[in-house]
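What TrEMBL lists as domain 'EGF-like' is 1-19, 21-60, 62-98, 117-157, 165-203. Per TrEMBL, the feature disulfide bond maps to 9-18, 50-59, 193-202.
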Ligand SMILES: [Ca+2]
Ligand SMILES: [Ca+2]
């Protein structure tokens, strides 16, 4: 009888000299990973080369790309297959009731990750975001309108967008007293006092006895 020998192979190998690295992917079958083609044979095990967006030992886990918090400044994140979508949180300023359908403005951050400042002063030109020829100054995450002191001579503008205007004479602090008449002027207003009164607001009762 020929002297036969048999090696006790370490696990993962076979063959008369244990020279064969067992194909663990073939053992696991066509669904070893997401597919057999993505299976990488190892020694007594296999690993999976997952397609983008999938993970886990068998690539069966759909990665939630939103877990890394890619969306900034209060934006909502929507997970997708291998990607994500940010919905930016924008401040809506609506003055359509004053200037019509073009009077809806969006302020805040834009871009794919909602981390890029929107330059509201440049984005909005027709009409500009600041009404009444107000000066627009952009800043990170917002903007500011500096309202002109005079609109059309006798009124001034106010509001976040300088969207409102009011006659100087309607300003509460400039209300004339004691039956005086308010006159709008180019730089503000003045009070035309009734007889017997004086002062900026005609608040002083003239003492005729002096
Ligand atoms: Ca995903
Ligand atoms: Ca801005």
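From the backbone N, Cα and C atoms, a Cβ is placed for every residue, glycine too.
Unlike curated records, TrEMBL annotations are generated automatically.
Per DSSP, the secondary structure of the domain 'EGF-like' (165-203) breaks down as 6 helix, 15 strand, 18 coil. Within the same chain, residues at least 6 positions away in sequence whose Cβ sits under 8 Å from that of residue 193 (disulfide bond) are 176, 178, 180, 199, 202.
Less than 8 angstroms from the CB of residue 59 (disulfide bond) sit 33, 34, 38, 48, 50, 51, each of them six or more residues away in the same chain.
Residue 50 (disulfide bond) carries neither a helix nor a strand DSSP state and counts as coil.
Counting only same-chain residues 6+ beyond the ends of the domain 'EGF-like' (21-60), those with a CB under 8 A from a CB of the stretch are 11-14, 80-83.
All protein chains considered, the CB of residue 9 (disulfide bond) has 15 other CB atoms within 10 Å. Candidate disulfide-bonded residues: 18, 50, 202. Fewest other C-beta atoms within 10 angstroms, 18.
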